[in-house]
Amino acid sequence: MDDYKYQDNYGGYAPSDGYYRGNESNPEEDAQSDVTEGHDEEDEIYEGEYQGIPHPDDVKAKQAKMAPSRMDSLRGQTDLMAERLEDEEQLAHQYETIMDECGHGRFQWILFFVLGLALMADGVEVFVVSFALPSAEKDMCLSSSKKGMLGMIVYLGMMAGAFILGGLADKLGRKRVLSMSLAVNASFASLSSFVQGYGAFLFCRLISGIGIGGALPIVFAYFSEFLSREKRGEHLSWLGIFWMTGGLYASAMAWSIIPHYGWGFSMGTNYHFHSWRVFVIVCALPCTVSMVALKFMPESPRFLLEMGKHDEAWMILKQVHDTNMRAKGTPEKVFTVSNIKTPKQMDEFIEIQSSTGTWYQRWLVRFKTIFKQVWDNALYCVMGPYRMNTLILAVVWFAMAFSYYGLTVWFPDMIRYFQDEEYKSKMKVFFGEHVYGATINFTMENQIHQHGKLVNDKFTRMYFKHVLFEDTFFDECYFEDVTSTDTYFKNCTIESTIFYNTDLYEHKFINCRFINSTFLEQKEGCHMDLEQDNDFLIYLVSFLGSLSVLPGNIISALLMDRIGRLKMIGGSMLISAVCCFFLFFGNSESAMIGWQCLFCGTSIAAWNALDVITVELYPTNQRATAFGILNGLCKFGAILGNTIFASFVGITKVVPILLAAASLVGGGLIALRLPETREQVLM
C-alpha cells in the first residue's frame, strides 16, 4: 500500500507518482464478499444498481478512459505556456513570409479606405458636440455646467468604449467587434439628433462615444495584421490622415449647415428640428458608410490563426494573394502556402447546452466567460511580461493627450477671450443722459447707461445686446416685444412702467426698486442669456488646425520606417514642447491661430509613431486590449487637460504653456526607454 497515498473521487486509489495506470487493479477488489462466493459473475446482480450507484467495474473503465486527459492537465500551465510561446514565435515568422508572398496591393488599399472611414468617424466624434453646442444650447436651454458635461461625456464614453471594445476584439474578432462598435455609434449618433430633452441627448452621446471609442484600437490592430514588416510603419501612418479628415469634415459641415436656420422643421410648438440637428445626422455618415463597407471585408487571418481556425485563415490569405496578383496582372501566380502553424489553444470556451439550461442561463455563462477572459487579458498587459512597456506607454500616451487636447481646447477659448476683450474695448458709456418721450425700436448693443433718467419712453420690437443700465430712473416707460442677451438693470428705480411680452425676467433686475410697475405675458422658453450668433471663426480655427497636421502626417509616414518609432516620438514631442513657448507671443487672434497650426503640425508625428509602436509591442492576443487600455487612458488625459487648461483662460498664459511643455518634454524623454520595433515581426 506504500505506492498508494491518496484516495480518488471514485473510491479507488491513485499511485503516489501522480499518474494513473489503467492496468493496475484496485487492491480492495481482491476482497470478495462471503455472500457472493460461488456465484457466477455473469449471473451476479450488482445490488447498488437499483440505487444508481456505479458498478466498480464501470468506475475502473471510466478511470482508464480519463487517465490520458488527466495526465495532460497535470503537465501544468508553465509547460503549456512555453509551448504556446514557441508556436507563436514560429507563426510570427511564417506569417511574415506569407504576407511577403501575398504582397501589398489592391486588397490592402480597399481595406485602407474602409478602415479609414471608421477612423474618420472617430475624428468627427471629437468635434461634433462642440460645434453643435452654440445652437443646441438655445433649444435645450443649457447652462454652463450642462454644456461642460456634454463636452466631457463624449470623452467618458470613448474612454469606456476603448477599454471594453478593445478587449472584446482580442476574443471575438476584429471585424465582428468593429462592426458592433460602428453600429452603436451610427445608431445613437443619429438618434441624438431627434431627441428633444437634455437627458436623452446626453445619454445618446454617451452611448455613441462608447461605440466609437473602440474604433481606434481595433482599426490599427486590424490593419496592421494585413501588412508586412516593410510596409507597416508607413501605411499605419497614412491611415492617421483619416483622423485629420474627420476634423476637416466636421468643420466644413458645421460651417456650411448650422448657419442655415431654415434647414429644419417644426411639429407643433414642442418639437423643433433645427439646422444643428441636420449637422449631427450628417456627421454620422462616415461611420454608417464604413459599417456597410466592412461587411464585405474578411476577418483578420492573424486573429483566426491565434484562435486555431487554420482553414478559414488560409482561405482569407489566399483571397488577399489572388486579389493583389490579379491587380498586378499576374493572376497565374499560385498561393504556395499549404499549412500554417497554429498556436496551442490553452482555454476552451464552454457554455451550457440547450438541453441543460435556459436561454438566459446560457447567455449569462457566455457573458461571464467572456468578461473573465477580457479581464485576465487586460491584467496580463499591465502585470505580465509587458508591464514595463505598458507603464512607459501609459505615461507617454497620457502626456501627449494632456498637452495636445488641453491646448486644442485652450486655443479656441483664448481666441474667444481676445474677441471679448476687443468687444469690451469698443463699449459705449452714456453718463447722466435724460431721454423724454422717445420711441426706441432699434438694436442697442455694447452699451452702459449710468445715472440717467428716462421718462415716458417706449421700447418696442427691439433687441438689447450686452447692455447695462446702472443707477438709472425709469418713469412711465413702456417695454413691448423686447428680446435681450446679457442685459441687466442694476440699482435702478422703475416707476409706473409696463413690461409686455419681453424676456426681461426677474434675475435681470439686480437690487432694483419697483413702484407701480407691471409685467404682462412674458416670453416663454429659456430664461438664460444665449448668444444669437454662431462664432464662425471657431469653425475656421478648427478647420485650419485639422488641415495643419497634413504636412506632419506626410513627413511622419515617409520617415517612420527610415528613422524609427522612438526617434519620431521623442523628436516630435520635444519640438512640440519648443513650439509651446512661442505661445507667449500669441497676443492676438491671428497669432494664436498661427501658433496652433504650428503646434498641431509638429505633434501629429508623435501620435502616428505612438499608434505604430503600440501595435507592434504586443502579441496578437493582447494587441487590441493593450491599445484600448492606453487609448482609454489617453481620453482620461484629454478630460483632465481640457478642465485644467480652460480654467486659466483670461487669468494667465504661463501655467498652461509650462504644463504643456513639461508634459511633452517628460513624455518624449521617457519614450526613449521603449524598445525599437522597426525590424520586429508582428507577434
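Glycine too: its Cβ is placed from the backbone N, Cα and C atoms.
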Topology question: in Swiss-Prot, are MET140 and PRO675 both on one face of the membrane?
no
Quick one: which of ASN185, ASN516 has N-linked glycosylation site in Swiss-Prot?
ASN516
Consult Swiss-Prot and report the residue, out of ASN23, ASN491, annotated as N-linked glycosylation site.
ASN491
Top stretch among 183-203, 206-226, 391-411, 536-556, 654-672 for CB pairs under 8 A with the transmembrane segment (149-169)?
206-226
Ranked by the number of other Cβ atoms within 10 Å of their own Cβ, which of the glycosylation sites ASN441, ASN491, ASN516 ranks first?
ASN491
ASN516 (N-linked glycosylation site) and ASN441 (N-linked glycosylation site), compared by Cα position, are separated in whole Å by 24
Whole-number Å distance between the CA of TYR423 (phosphotyrosine) and the CA of ASN441 (N-linked glycosylation site)?
23
Nearest-integer angstrom distance between the alpha carbons (Cα) of ASN441 (N-linked glycosylation site) and ASN491 (N-linked glycosylation site)
24
Taking the transmembrane segment (627-649) as reference, which of 183-203, 391-411, 593-613 has the most Cβ pairs under 8 angstroms?
391-411
Outside the topological domain 'Cytoplasmic' (557-565), six or more residues from its ends: residues with CB under 8 Å to it:
230, 232-238, 240, 608-609, 612-613, 616, 674, 676-678
Residue numbers, six or more beyond the limits of the topological domain 'Cytoplasmic' (614-626), whose CB comes under 8 Å of its CB atoms:
88, 166-167, 169-170, 174, 177, 217-218, 220-221, 224-225, 232, 236, 302-303, 306, 374, 377-378, 380-381, 386, 389-390, 393, 565, 674-675, 677, 680, 682-683
Taking the transmembrane segment (391-411) as reference, the highest number of CB pairs under 8 angstroms among 183-203, 238-258, 278-298, 536-556 goes to 536-556
